[in-house]
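These come from Swiss-Prot:
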- 36-104: domain 'BTB' (DOMAIN)
- 139-240: domain 'BACK' (DOMAIN)
- 274-320: repeat 'Kelch 1' (REPEAT)
- 321-369: repeat 'Kelch 2' (REPEAT)
- 370-416: repeat 'Kelch 3' (REPEAT)
- 418-466: repeat 'Kelch 4' (REPEAT)
- 467-508: repeat 'Kelch 5' (REPEAT)
- 510-557: repeat 'Kelch 6' (REPEAT)
């Protein structure tokens, strides 16, 4: 009997727990062997009793198999070749639980199976796992793997490492086994990070000499792809010294001719990276993003930082993304834990997950596919806490505390080790710290490795040619530290004193941007470049405006 006057009353009920309960019920059916209507069999003979509807809901492969006019449509048992039972078990469990465990041991086999069986979400998760663990040791193999399985993000990011760190890549054992086609692909990249002819000729000679009988004729083609000037004297010397090539004088002369007169060679400098200037300070916080190509000396402006009232933040880049972490507001000195992420490909900002600890005047670096935030200030005192953001897990995780909390220090990464140099210590920066702290992520441990000859704060550090270079600060002194030899040496002094400047490695040189000159009492707009071969600094351009405390990173666009 209808309630009087309520005939049009409708209540739309939705049980939010129903999807979970539904999945749990099918998981129970699977575990108990209830209502199953299809059996999957591995090459090892292990079988899994499943439900067609569940498999079809997760896999386009099984959906097509069970709905199209195929013989498997009517079979009760499907034999799957080439898939290990552990991998198939993981995919079947995923179908019933929405969860799967991905490890370094199983990720490639799991991606291959997910690609074959079209478990698209699992394939994407495996791809992101591999991107997270990319490095110079595996980027060549991962690039080929990504091409074969059509993993666009993995292909792009492995190519980014391959091109941006080519000098390190070609010294890996994996490089000697690459195919001619892969080598030609590498050499044909317009953004390949090579700036000197020996930097590209040496890997060509090394690769050829590794299998001289089968590769000697390939060298004609390889040399023709080198898009920089080739000195015939150098080429002749390099080929002649590589005795394993067993080249006659006539063949060397022929190689030189072909290298200097190729069909498709365009002799030009390669722009290997683009500089990004993020925010900064000029009497007040700056919110602009400026982008510079050093070859054309052209500046363009990107999307502004959404949170434009902060200063003294940390900036680092991971792939195409630039992370801005922490800082403090101009109207107070309360440390911030907020994070903003700038995507250089889309020219857009998104807010990231907040850090575990608020901090300002801290160091930010990238290591092993993660973003690290180290030390800094909080409530006027230097903080020892350090943490990292794992983009795959989408969370910040703590690491061991620093030996000494420092603010306004500098940090960089060399050979998978983080170095934190100098900075302020003591309440409100009452002391300058003279030690270099290093962090080994494999054992989650900090060490004191050396003392700086000139303790400083507000300076920058960059890794270059297996050494650390320290620039900026209150003096023009430039120092170079060799971790392997544990030795310091001074190089040519800079042209300006640059407190809280920016510094990056681009095109085989060190670029230092902006800063504040205490001797002149002015903010600086100029850009200095250091050529390590000449041991010389020169002014090469200007920032769009004078500034200090800005982010300065380079992104290899692919």
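Keep in mind that glycine also has a Cβ here, set from the backbone N, Cα and C atoms.
Nonlocal intrachain contacts for the repeat 'Kelch 5' (467-508), taken as residues 6+ away from its ends with a CB within less than 8 angstroms of a stretch CB, comprise 193, 195-196, 199, 269-273, 275, 277, 281, 294-295, 408, 410, 412, 414-415, 417, 419, 421-422, 436, 438, 449-450, 452-454, 456-461, 514-520, 524, 526, 528, 530-532, 535-539, 548-554. Highest Cβ pair count under 8 Å relative to the repeat 'Kelch 1' (274-320), across stretches 370-416, 418-466, 510-557: 510-557. As a quick check, the repeat 'Kelch 6' (510-557) and the repeat 'Kelch 3' (370-416) miss the bar of 3 or more Cβ pairs under 8 A, pairs 6 or more apart, so the two do not touch. The average pLDDT computed over the domain 'BACK' (139-240) stands at 83. Mapped onto DSSP helix, strand and coil, the repeat 'Kelch 1' (274-320) counts 0 helix, 24 strand, 23 coil. For the repeat 'Kelch 3' (370-416), the number of residues in each DSSP class (helix H, G, I; strand E, B; coil) is 0 helix, 25 strand, 22 coil.
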